[in-house]
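Per Swiss-Prot, the features are:
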- LYS91, TRP105, LYS110, GLY130, ASP152, PRO153, THR154, ILE181, GLU182, MET196, TYR200, ARG315: carboxy-S-adenosyl-L-methionine binding site (BINDING)
Amino acid sequence: MIEFGNFYQLIAKNHLSHWLETLPAQIAAWQREQQHGLFKQWSNAVEFLPEMTPWRLDLLHSVTAESETPLSEGQLKRIDTLLRNLMPWRKGPFSLYGVDIDTEWRSDWKWDRVLPHLSELTGRTILDVGCGSGYHLWRMIGAGAHLAVGIDPTQLFLCQFEAVRKLLGNDQRAHLLPLGIEQLPALKAFDTVFSMGVLYHRRSPLEHLWQLKDQLVNEGELVLETLVIDGDENTVLVPGDRYAQMRNVYFIPSAPALKKWLEKCGFIDVRIADVCVTTTEEQRRTEWMVTESLADFLDPNDRSKTVEGYPAPQRAVLIARKP
């Protein structure tokens, strides 16, 4: 059974305490609702994992936990089997006592692109919207964050996060809540808010930017990473039925257009920190994610286009500040 009591106790003593006016009731409602058909199987995998305390823990350069002496073949097999019950693993990688989870995405590459452009994270309270398995939450802690809170309604991601947390010694500096951004009140409590890989899935992208702004303290920093296309400040792609085989892609702006959107929503000091094409080395099929990946979504005769004929995925990082 995945519980959230530790998080409630934690925020009861800090500047997030007003969240307790709504959060426990929301989580209780989530627990009462019909869960995914495999949720019991996933939560059992977490429950059956051994409690581990790392002898060496590296969250600064990777997400790596090691024991003082190598685990037995039986212990490794148990951990490996239980973690494979939580496939597909999309965001990572993780190295846990000799079990290496080679995820679909090299999320460490994204972190390496983003980190140099951020304000110092030491001591900060952070929100990561659409955090997936929580890989970047651990990297935020490694970079010095005081508390990293992720939200993502996908139940498999919650179980993946709790599995990793259990193998990291039940670390309480990072937490994942099974909520969407629309379920959060205007907390105005986070020093840094991340939204990475979310904006193009939103029917109303400007509303999403306002929601992110409502979570920030004054002078807080927004880190926005999303799909973009080439063009000027008036260029926006509105795909048809699918983009790179994804049905729920609504708006893909150019980076200059996205900068203009952020300014329209009242953000200041907006800058385009990075733009790069997504490669099949960064997003690919692995033994931990065995279904289709980026290579299957690109035109086999022209890798600069998706199978639908749109420009192939490229992603931008924009940094902005709430006044």
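Cβ atoms are placed via backbone N, Cα and C, with glycine included.
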Cβ neighbours within the same chain of LYS110 (carboxy-S-adenosyl-L-methionine binding site) - under 8 Å, at least six residues apart: HIS136, MET196, GLU225, GLU282, ARG315
Nonlocal neighbours by CB distance (under 8 Å) for LYS91 (carboxy-S-adenosyl-L-methionine binding site), same chain, sequence gap 6 or more: THR103, GLU104, TRP105, SER107, GLY132, SER133, GLY134, TYR135, HIS136
Surrounding CB atoms that lie within 10 Å of the CB of TYR200 (carboxy-S-adenosyl-L-methionine binding site), all protein chains: 22
Maximum Cα-Cα separation in Å among residues LYS91, TRP105, LYS110, GLY130, ASP152, PRO153, THR154, ILE181, GLU182, MET196, TYR200, ARG315, which the record lists as binding carboxy-S-adenosyl-L-methionine: 26
Site of maximum Cβ density within 10 Å, from binding-site residues ASP152, GLU182: ASP152
Spatial neighbours of THR154 (carboxy-S-adenosyl-L-methionine binding site) that are distant in sequence (at least 6 apart) but have CB under 8 A: GLY132, PRO178
